[in-house]
Every structure is written in C-alpha cells, then in structure tokens.
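For reference, TrEMBL has these:
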- 2-244: domain 'WDR36/Utp21 N-terminal' (DOMAIN)
- 210-241: repeat 'WD' (REPEAT)
- 418-459: repeat 'WD' (REPEAT)
- 501-537: repeat 'WD' (REPEAT)
- 627-828: domain 'WDR36/Utp21 C-terminal' (DOMAIN)
C-alpha cells in the first residue's frame, strides 16, 4: 500500500512501522498494510519516536504531539518557541520511565516527563545545534551529535560530559554503538559519505571508512550482538558492513544499490529476459535482474583512466566520463571479449564494457584523426553492435560512421567518401546477417550500405528529420521516429515504408518491438505509452503515466515491458496481460481518451476500471463461427473420422476383432471348501457347470421403432430433415449400420422411409453441408439395400436424381483440386 507522496520520516517499534509524508502519519503492519492514520499536524513531520503504547511526532512548526497508537487520539500536545528551543532531535533514554530527551537547534537539551507534561531538567548544551541523539549501551549515557562535527558522550543523570570527539567532515548525521560483542566502538556518519569509528575505551579514532556512500550517511545502525553495521544514504544504496578484519575496519558484506540519478537508457541483455542493462545520469552502467535482487550488479562508472580514478577516489575524480546516452549489447562472444559498447554525453570516445567481468572494457573507440586531441563540438550520437559480437558501428555528430573491431578495438573503416551523411547521425542499425548497415541523418536521408565493402546500396529522403531508429533483426522491420512526433515502419527487404503512425503530441523518447515483431511500443514526452499493431496498422493500447517514460524495452520472452521515467530512480516492470488472459486487440477509436495508470509497485492494487474493461473485451473478442460460411462452399462436418470413414468396412473390422475362442468366466471358489467325511481329510471336487445362457435374440426389442425411424417418417410430411440428421450424427458406426438396416421392409421398415432417407441425403448435397457424411451414409445405404432399390421404381427415380447431383458437385470439386495440385507441382519443380 504505497503512500500518495514521498515518505519523509520513518521509525519502527516491535510491532509496527511508522511512516509520515507531509503532515500525516501512518502505521504499517506486516510491512505492507496501513492499520492506523494519525492526522493533526499542520506542518511537515520531521521527527518520529515510538514510545511504548504511544508514538511521538514533531513537525517543522515545533509542535510535539504524543499519539495513542491504538485509539489514534492525541494524548498530549506541546508547543515550543522556535526562537528559544527549536526541536531537532528526540530520544527516549533507557530505563527513564515516561521521559523523553529533546535536542534543539539552539544547542540546549531538555528532559520532559510525558505523563505529567513537566519539564524536569534543562541541559545548557555546547553552543552548537544538536543533529542527533543516540542511547549508549550504558544506562544514563547519551551520545549527542552536533552541527559543528563534535560528538559529546554525556551522562544525563549527573549532567557531566564523559568524553568528546570531533570530526572534520561537517555535521554529525548519524550515530550508532556496537553492542554485546566486547568491542566498545561508536560509529558516526558525515554529510560527505565517510564513517568514523571511535574507540570508547582508548578515547581515540579507531579507523575511517571513507566513501562508504557517495552522498550523506542518512541512517546507521549496528545489529545488536553482531559485528554488523547497516548504513544507507541518498545514493540509493543500503549496505551491510562486517567487522572481521584486522585494524577494526569494515568491509561490505552485502549491499542493495540502484542508480543515484535517474536512468537514461535501458535495454534487455541476452535472450532469457532476466537481465536489464541500465545507464544512468550518475555515469554508471548497471545490470538489474528481474528474478531476484541478489543477481543485480554494477559495471561501474566510465573513466578516461581507471588507474588514476582509483587513486584519486570518488570525490576528486576528474577522469570520470559523462553519463551514457546510448548503448548496445550482445551476448555472443561476451565471455571472450567486451560485449557492450556505449556513447557518452557530448563525448567523441565510445567505451566498451565487459558484462562477465562487470567492469569497463579495455578499448576506447574513437577515429584515428582525434587520437591526439579531443574536439569540443564533435561527439558520438549513435551506436550498434553486430549480432555476432565482433563489430561495433559508431555514428558521430559530423555525419561520419565508423566500424571498429570489438576484440582488438581497431578501426575497420568508415562509410562514404568523407562522411556518410551531411547532418548528424541520428541512428545506426546492422541487420542480423551482417549484410546491411542502415544509417539515418538529421538532414532527413536514410541510407543502406554494404557491411563488407562499405558501398552505398540505396538512399532515399524521409518525410521529416528522424530522431531515432530501431531495428527488429528477426523480421527485418525498422522503426523510425521523427521530429514531428510521427513514426514510420520500413521493411528493409523492399526498402519501402509499410506503416505510418501518428498520435503522439510530444518528442518520442524511445521505441521497442515485441519479440515476434507484431507490436511496436512507443513512449513520448506527452506522458503516453502506446502499442501499435503492425499487421493491422492500428493503435491497440494506450495509457497515461504521471511522469513521461524516458526509455522502454520489451523482454525477449514477451512477458514484461520495462520503463524508466523522468526524475525517477527506479525501473518499472509492466506485465503482458495477453499471455495469461483473454485480451481484445481491437483498434482504439480516433477520439480515445487514455486513462491515467499508476506506475507498478511491489504490492499492486487491483484496478477496478481495468477489470471492468476485461468483461467488454471478452464479449468483443469471442467469435462464434457459423455452421456454413457460404452457400457455394462445400462444408465438412466437425465429426472425427472414426464416425464415418469405416462405415463400408464394418464387417471386415468385426471379423478381425472377433476373438478366436470365447472368454471363460473364472469359477468362484467357496469361502469354506467342503471336505469328504473320513479319517483322511479330502476336498470334494467341484461339479462342472454347463453354460445355460440363452442364445435366442428377443425379436420384440428389434420390433420397436427407433427415434431416427420416427423422425424420418415425420419428415415425409414436413420436409424438414435436420432432426433425423442430428440424431444420426450422434451415433457410432455400428449403431448407424443397425439404423440403416432397419429402414428396409425385411428389417421392419418401409419403402416410404427409405425414400425419406434418400431425400435427406439430397438435402445435405443441396446445402453442401456435412458433405463427407452424405457420401458415407449414402455408400452404406446403397451397399445394404441395392436389391430393394432396383425393384422399386420410385426409389430408382430418387437415386438417379441423387446421382446427377453428386456428379455435378464432384466435377466442380475435382476441377478445384486439379488446379491446386497443378500450381503446387509447378512451384515445387519450376526453376524460379
């Protein structure tokens, strides 16, 4: 249950987690559901302190409220004067019943009894604002962090300072004590990301952990009874440090980290759909796993010289490269050499990266003429890597396109005499077989080049200046986004524009194809994400997000769409509903107003509107096929072959299936076997029982008229043969034979019913429906009743009419079959 705004304050007790945004405080149970809400503050809450059955909150207007956790009522409200005592820290000292210690921006401290609402004692302070208060393992002892960088370890019972430390890194942001494992150590955080460890026995600095985070240490806590320190900071990282080495310094045991600045480009890496490569404005390249966060890894930050960067450290690094704008990756040969190539913002050199080693690669790709000096106004704008992983293609802002070898980093040539395009390169793409390279320039031309010979094959002018291109290698479909917010789809085989889409009202940020190449998904600065169906050329999905999507990528397995958004650090995964539910892909109307969709969270809430839309989708997509598509078409029944194919061979099948000797019934033994009376016990031999089952067939059963027979009789007067046909379609082959045998006079039938049957077959041939059934039933009928038919003139007349009808239909069908066979034979044998 995500809160509507950013959480600004967090605290926890043994049962609940308290989180506040703006002036409202919430209590979460089981880390996910809001169970209590506390409203009463008029300004933003900036301090929280759980206090038994109560929770204390302080806002920036200096109002302190004590809440009853269960009833959500105010127990006490205290207003402090900002000029004399602006509350900046809250602490409940251990064993001090109903008492809290408050620190102020003026430097003084106050001890209050909450139950009686009395000020018990005021500590004069140290002429510097208090930033943090922390309880020491010893009772009555509190550590006070000051803005001046001093840490005061103070006994509040006797109001005396026990020891004093100073850090030169600015205000103290967090303090934590190592407890219960015999090491009297205090850790203190700083605004520049360093952590100092102080030895409380020797009263001296034990060691420094520099650059524990790249930003201020926001929170810090030793795990009770363990040599583990958990820290976090504004660099979007949580780290667990273990102190098991010599000198008391800590090393990272485990960590969870993301981008510290919003991602600019994301792409799926590999074909399993489990890794997403992400480049951020913080200059780093990271890999995020869609399976579990433990598989996430950082490939580091781009650097001109890695050795010099390591020596200078994170803060003073002048060798750091600008953020990555575009990158391309390939898994082929990634275990042999670098498999990722990237362009940097306003920088001519492209860098290679190694996914296996999770580090920046060995090569810097730049044209030879710029190897000595770095030009100011020339930079790399587009990049692609071949499907074999051997070559990288780099486009520059001057219109030059170069090819480099990924293994050696050697320049392997360029396209065009001097340059490939007059304007800046907006996109490069290599086809799946390394035959063609497609380039587009800002001057509005698209050009096709031979990969090997570097010759120009084809060039044409586009309708507008392109902003980017994307190639779906498997299908040879190229998506082109234009500066006028339209999108065109080009087939690289025919080199023709096959689809054009318009509908965005802002710059198109990114595009991605579905794995099968049927959908093109686009994101724009108008905050919409649209899905275009390429076969139908229609918009099939569109939704609004509250922040424009900067980059999109579709999983190679088709299960997720990943997106990154403006001023947002996360990567959002959207699930493909068409994989596990019925989704209508009908075109959206021209006046369709997209609805706002909340971005995915770790605990998604079912959207009522979406589920309501599903019902209409089901109705729209459900298609019931008619029994016959057209009167002129011959339609077969949907019955299995076993119902009609072997009707003529039933006697042969019965003969084959007949057992050689009848099965013998096993004799049942009595429970108590009888014995013969006498000295020697002997069993009585069971007497042979003869089978006395009657073999005489009860003719009374056969004499009864069947449903089928009755319906055929009725049809003579009504001329409606659907009912008897439906009955026949439900019967098995043996049952059908019995029914047809019973139509003849010697089987209990009549010539009128036989005439009715022939008329039913005539109706089936007229309608051209159940065509194969008509043939099978008629063949069996003729086989069984040929003698009767030849002796009855009215039946002969009907049979001759049927014969003409059959011949006409069959000649028409045979002509169509012959035509199709002729064309197929020609296609197979002719040299095209």
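Glycine is no exception: its Cβ is also placed from the backbone N, Cα and C atoms.
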Remark   = Averaging the pLDDT values of the domain 'WDR36/Utp21 C-terminal' (627-828) gives 81
Query = So which residues does the repeat 'WD' (418-459) touch in its own chain, when a touch means Cβ under 8 Å and the partner is 6 or more beyond its ends?
reply = 381-388, 391, 393-401, 403, 465-471, 473-474, 476, 478, 480, 490, 492, 495
Key: Same-chain residues at least 6 beyond the ends of the repeat 'WD' (501-537) whose Cβ lies under 8 Å from its Cβ atoms   = 265, 467-468, 470, 472, 474-475, 477, 479, 481-483, 485-489, 543-558, 561, 563, 585, 587, 594
Helix, strand and coil counts within the repeat 'WD' (210-241) (DSSP) = 0 helix, 17 strand, 15 coil
Message = Counting by DSSP secondary structure, give me helix, strand and coil numbers for the repeat 'WD' (418-459).
response = 0 helix, 22 strand, 20 coil
Query = Helix, strand, coil residue numbers for the repeat 'WD' (501-537) per DSSP?
reply = 0 helix, 19 strand, 18 coil
